[in-house]
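**Q** Take a look at this one; I'll ask things after.
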Amino acid sequence: MKNLKRLVSIFVVMIISCMLISCGNQSKSDDGSSLLKVHFIDVGQADSILIQYGNENMLIDAGNNDDENTLKNYINSLGIKEFKYVVGTHAHEDHIGSLDYIINSFKVGKVYFPKVSASTKIFENLLNAVNNKGMKFTIPTVGESFNLGDAKCTILGPNGSTYTDANNYSIVIKLEYGSNSFLFTGDAEDVSEKEMLSSGLNLKSDVLKAGHHGSKSSTTDEFLNAVNPKYAVLSVGKDNDYGHPNKETLDKFSERKIKVYRTDESGTIVATSDGKNITFDSKPSKSNTPGSGNKSYELEDESNNSKEIANSNNNYDTVQKFDSETVWVSGNNAKVYHKDNTCSNMKNPTKYTLEEAEAKELRSCSKCYK
């Protein structure tokens with residue numbers, strides 16, 4: 001009788017153990033370990049995209065300099081401690097502003113950055129963060145691939161090395177998981193798009209992160225036809241000064257019946273792929289309303305005055321450098337900045353960099369920047 005009770009006890013323990021193991025496996029499946037998640041983080045008029053597969057994480061861009069707390073809170077809420085890859089698409093503040101914080105605060109495997117420099121404090125902060133970790137930038141090569149879990153990332157741009165516009169240096173990445181695909185374009189404009197079309201690489205993707213915040217300088221008809229997305233995501237700030245997204249771009253999406261998701265309407269947008277289907281945690285936009293600002297989109301760009309330099313910190317060999325645009329301000333109480341120091345008969349105009357003027361929350365002169 002005792003032996004029977006002992007056998008029954010052992011049998012019950014075995015059943016409970018099997019149930020626990022089964023539950024454990026089920027929860028592992030439910031926690032997203034076999035899912036690819038792409039977070040288009042709402043950082044206003046800027047870009048930041050977090051990609052997760054299982055325990056592996058990747059970050060493409062990190063918003064403006066003042067987006068540090070937004071990123072900190074969001075990333076911490078997900079329990080992330082490490083990034084396998086960090087990508088700075090190009091040297092503009094609205095893409096790398098808080099990238100120094102990311103590199104300083106998390107364990108990072110590789111930092112991808114194009115072979116281009118900028119004479120700005122933001123870029124200097126990024127260089128210092130990379131140096132302090134004893135790292136160097138990994139310069140992307142078109143056609144190279146690397147894995148994030150079972151997902152595959154392929155570099156599609158930049159294809160050139162002598163652009164006069166820093167936006168065209170944007171690193172472009174195609175992410176594939178099963179039969180699903182995403183295309184992240186940074187601020188790549190029509191010049192870069194044309195080169196990608198000529199490269200022979202497969203651009204077809206289910207989800208397109210629209211280039212340059214939906215500006216008319218990106219998303220040409222030819223490029224959009226080649227990508228042929230089902231969905232487009234626009235990372236834009238509400239009531240931004242640049243008029244993003246542009247009506248022409250929105251019309252292109254509408255004509256092709258592409259579902260559009262906008263961070264200025266939905267906040268952070270999360271797309272989830274199981275390798276077969278893609279779902280979004282928010283509803284697509286129904287407004288088709290362009291941005292209301294009137295500032296010329298070119299103002300985000302650095303000056304077209306560029307030159308080859310040798311970088312002393314050895315993060316590069318030879319790189320393209322973009323010097324900051326010079327603007328002019330009349331008096332301490334000025335509300336606007338000017339491209340031309342003779343505009344409006346200014347008296348004793350003071351020279352600023354574009355970054356300094358915008359940091360003072362000055363607006364562009366409607367006469368200089370038509």
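Glycine is treated like the rest: Cβ placed from N, Cα and C.
Residues annotated as signal peptide in TrEMBL: 1-24. Per TrEMBL, domain 'Metallo-beta-lactamase' is recorded for 45-238. Summarising the annotation, TrEMBL assigns region 'Disordered' to 274-316. Among the features that TrEMBL reports, compositional bias 'Polar residues' is placed at 274-295. Taken from TrEMBL, the feature compositional bias 'Low complexity' applies to 306-315.
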**Q** Calculate the per-residue pLDDT averaged over the domain 'Metallo-beta-lactamase' (45-238) and state the result as an integer.
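**A** The average pLDDT of the model in the domain 'Metallo-beta-lactamase' (45-238) works out to 96.
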**Q** Pull the DSSP breakdown for the compositional bias 'Polar residues' (274-295) and write it out as helix, strand, coil residue counts.
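**A** When I sort the residues of the compositional bias 'Polar residues' (274-295) into the three classes, I find 0 helix, 3 strand, 19 coil.
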